[in-house]
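**Q** Can you keep this structure in mind? I'll have questions shortly.
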Amino acid sequence: MGAAFLSSWPWDNLGFFKYVLYGPLVGKALASRAWEPASPDHWLCLLLALFALRAFTYQLWSSYSNMLFLTRRRRIVRDGVDFEQIDKEWDWDNFLILQILMASTALYAFPSLRHLPGWNTAGFAVAAVLHVAATEPLFYVAHRAFHGDHLFARYHAPHHSIKVPTPFTAGFATPLEHMVLGALMALPLAGAYAAGVGSVGLAFAYVLAFDFLRAMGHCNVELFPGGLFRSLPFLRYLIYTPTYHTIHHAGKKANFCLFMPLFDRLGGTLDATSWELQRKNRAGMDEVPDFVFLAHVVDVMQSMHVPFVMRTFASTPFAVRAFLLPLWPIALLFMFMVWAWSKTFIISYYHLRGKLHQIWAVPRYGFHYFLPFAKDGINDQIELAILRADRMGVKVVSLAALNKNEALNGGGTLFVNKHPDLRVRVVHGNTLTAAVILNEIPKGTTEVFMTGATSKLGRAIALYLCRKKIRVMMMTLSTERFQKIQKEAAAEHQQYLVQVTKFQSAEQCRTWIVGKWLSPREQRWASPGTHFHQFVVPPILGFRRDCTYGKLAAMRLPKDARGLGSCEFSLERGVVHACHAGGVVHFLEGYAHHEVGAIDVDRIDVVWEAALKHGIRPV
């Protein structure tokens, strides 16, 4: 059986090119200078502005609902939004294309609509009456009809396939549903126009208010004060709440109204628990995570790669995109604001094996870690986050990237030594990072060249490889640091550790392990066919076309991880940095020790096997 009529969008296969459908309107507006009030096509400018504001309304609600540092306690459905749902809702704005075509068709059919006055107060009263008397009851009837077996299976089921309501869920429906909704939304405006009291102001106010309430009802965050409906009981029937509409999404048998529960009361479909659940959701509930990954921002551009800025962008690996450039000044301002006032805050979360894992962000950017005067402030932020996690009952805190920098806090030893009674385990995760890099080196390799060789990771990798009788050329100018590491190796293995001070020494070596930034000039010394393994942050630029470049050490989380909906920097979906995965392994294994300071080389294979045992796989 084929798809039902108007159950799919005709431009589904166009992808991003669907926006070309705005082209004729935009082209005509530009050709006629529609932004000038005297232009006969000024209505086009107003129409395009209205629909841009409509899209912006949903985006703002999406940003708010994803600001977990503000909303997490009052979230109604506690599961995270996963990649599958994000992909379903990717084209949530299809209805805006449909409805702007409907609106422009009406404006061409009735030319007098293009010359409405800017404001007419009487029109608001007429529209309000028609909304209550016509739009609300007709929507209620239509919505219940869409829940009938025939129409539900063919049209309404996709909307209800969404597990966690979001503002974009409001737009995730079939063309027929949005045509009906568009017609019902137009009724009050048409009535005001027919009565001679229509205006541009009314069109903007009513349509944007309509979208505002639709997005609010799907935002999955309870907003209304708990005592409001006890103090003013009649309000229960005049305005719905996010809890009220979420009950409809969950059960599908009650709470069918558009915005006014009055019609559910009259139709006998009002869920009696709606207000008690609303009160509980508004009161909020604290959830204690078992595991926290303590991250930080890389740079201003990457700061926009979070769900509360653009959820769809955050769900793909980070890359600099053209549409980000106009937002850069705003992101820069945000950087100064969080630097001045913010404390560590939650970015996202997921569930694994029934346990809550959260990602927190230290409000510092990559360059801050290299400012001498910022060191103490960064450590204060990390320390406060660890102590907060300890008070909450978190089991493991894993430090990301520069948060465990040896020069900053000794790989976390500063906090463990300062607070010896910590119940939370502090983990740098570098043992698994070393294991990932080591397991990427092809079997049969006899020689490697390494920069950053005397760093914490470099030391562990070098000592591990020399045990395997692989010659390690350790690039360092410090003979003292080299000899200290060499003496840690067994006497029979020390010969495999060789200090080099120039890149020319690696001309014939095709396995480079990069722990310190390499300039294009330094990369020139590598022979063709060289592969660059990396543990340097940020990754080096891929300058050589005749060489290959590995990504930062990372692992794929187990398949039963639920609620994953954002990518970790430039990594693929479901993939996290090895230090993140190392913290997860530490938690799943129930290790009682802190993993801070120097890497225990003897534990590299142990941690690697533990990761594989728990379904954490190499990329």
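Glycine is no exception: its Cβ is also placed from the backbone N, Cα and C atoms.
Note that the coordinates shown come from a computational prediction; the quantities given were computed from them, not determined experimentally.
Pulled these from TrEMBL:
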DOMAIN    129-269  domain 'Fatty acid hydroxylase'
DOMAIN    448-618  domain 'Very-long-chain aldehyde decarbonylase CER1-like C-terminal'
TRANSMEM  185-208  transmembrane segment
TRANSMEM  318-341  transmembrane segment
**Q** Cβ under 8 Å, sequence separation of at least 6 from the ends of the transmembrane segment (185-208): give me the contacting residues as numbers and ranges.
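**A** Those are 46, 50, 53-54, 57, 102, 106, 113, 116-120, 122-124, 126-128, 130-131, 134-135, 138, in sequence order.
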**Q** Could you tell me how many residues in the domain 'Fatty acid hydroxylase' (129-269) are helical, how many are strand and how many are coil under DSSP?
**A** 98 helix, 1 strand, 42 coil
**Q** Taking all residues of the domain 'Very-long-chain aldehyde decarbonylase CER1-like C-terminal' (448-618) together, what is their mean pLDDT?
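**A** Summarising the domain 'Very-long-chain aldehyde decarbonylase CER1-like C-terminal' (448-618) by its mean pLDDT gives 95.
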